[in-house]
Amino acid sequence: MLLWLFEHLSGYNSSFQVIRYLTLRSLLSILTSLAIGLMLGPVMIRKLQALKYGQAVSSFAPENHAKKMGTPTMGGVLILMSIGISTLLWADLSNPYVWIVLGVMVVFGAVGWADDWIKIRYKDNAGLPARKKFFWTSVASLGAGISLYVIAQNQPNPIHTANMLDLLIPFFKNLSIPLSAVPLGIAFIIFTYLVINGASNAVNLTDGLDGLAIMPIVMVAAGLGVFAYLAGDIRFANYLHIPYVKYTSELVVICSAMVGAGLAFLWYNAHPAQIFMGDVGALALGAMLGTIAVMVRQEIVFAIMGGVFVMEAISVFLQIGSLRMRNKRVFLMAPLHHHYEKQGWKETQVVTRFWIITIMLVVLGLMTLKLR
């Protein structure tokens, strides 16, 4: 929005052309979302307390979680609002990728909000019926996959860059799984669906301790922002042997907004948390990360950088599978962070150590750019 305004004003004063610089707009995006989150955080907390939108604690949760009862939830609304406003202000709104990511954010956020509201309003831990949740998240993720396929079909691949529809294998030059070989983009669309929904649910499973999910979200968003910047510049794409994807540069602005909004939320979500993001935040932010990973064609690297999310999801699958097949537990409790709590780790220890793991994994993900 402001990009259009400043470009119009540059006709009267050339100094306004400075807004065209992506790095400047990305920095402003971080600062804007950070400021919105910090300023509106106390207002959101008081409003949620007045509405009695408090967190319910499961009887199966570790004993030390009882003190979290009644802590305001649905704080993800503030995160998404901060990201949305910052993106609309500083991103190039003629870029289709911007609208796809925002669309995914809105739909998954709405599903998460409905899920949270039903749990609070009706004291029903089941939340939104699974069929409705599956339908709307499928509409959003399949819609994103189809849109990306159509855009890719109208964008020729420059010489020396990888195919933007194939699954890139990190650590190897020019090695990929040819999703583009399947007619009509069926393999690509299905894969996109799995990545977006898998990321959304994995982040949601991780969001169980104060600050546990939001900091890895911030770090992974920053890492994906680097890939978005490089994939959107044909010179870097050629040099690094990654796909050149015309529209990804503007995703840096969105990733920056996610970083700023996430840090602002952490201010109030740090232990002891004053607010939780709820499903409205976790489902939407996870889906956004998955969508951006598909756009920059770095799904495997995304799984590496978001290894904490992957471990949390796998721990749940293993626990459920083992209980059904062997009637035995693999972990003391799932997701994984509760297992360590049961082993005697303090909540802050679990969170800090998972943050350290994420830092190392994000660095490893970035190293794949050169280690080939």
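Cβ from N, Cα, C; glycine included.
Sequence annotations record features per position, and here Swiss-Prot assigns transmembrane segment to 25-45, 73-93, 98-118, 134-154, 176-196, 211-231, 251-271, 275-295, 300-320, 349-369 based on sequence analysis.
Counting only same-chain residues 6+ beyond the ends of the transmembrane segment (98-118), those with a CB under 8 A from a CB of the stretch are 53, 73-74, 76-77, 80, 83-84, 87, 91-92, 124, 126-128, 132-133, 136-137, 139-141, 143-144, 147-148, 196, 200, 204, 250-251, 253-254, 278-284, 286-288, 291-292, 295.
In summary, the transmembrane segment (211-231) does not lie against the transmembrane segment (73-93): fewer than three C-beta pairs, each 6 or more positions apart in sequence, are under 8 Å. If one looks beyond the transmembrane segment (275-295) by at least 6 residues along the same chain, the residues whose Cβ comes under 8 Å of a Cβ in the stretch are 41, 44-45, 48, 55, 71-77, 79-80, 97, 100-101, 104-106, 108-109, 111-113, 115-116, 127, 137, 140-141, 144-145, 148, 191-192, 195-204, 206-207, 213-214, 217, 220-221, 224, 228, 245, 247-248, 251, 254-255, 258, 262, 265, 268-269, 301-302, 306, 309.
Outside the transmembrane segment (134-154) by six or more residues, the chain places 96-97, 100, 103-104, 107-108, 110-111, 164-165, 185, 188-193, 196-197, 200, 247, 283, 287, 291, 294-295 with a CB less than 8 A from a CB of the stretch. Same-chain residues lying 6 or more positions outside the transmembrane segment (300-320) and placing a CB less than 8 Å from one of its CB atoms are 167-170, 195, 198-199, 201-203, 205-206, 216, 219-220, 223-224, 227, 286, 289-290, 293, 329-331, 334-337, 339, 354, 357-358, 361-362, 364-365, 368.
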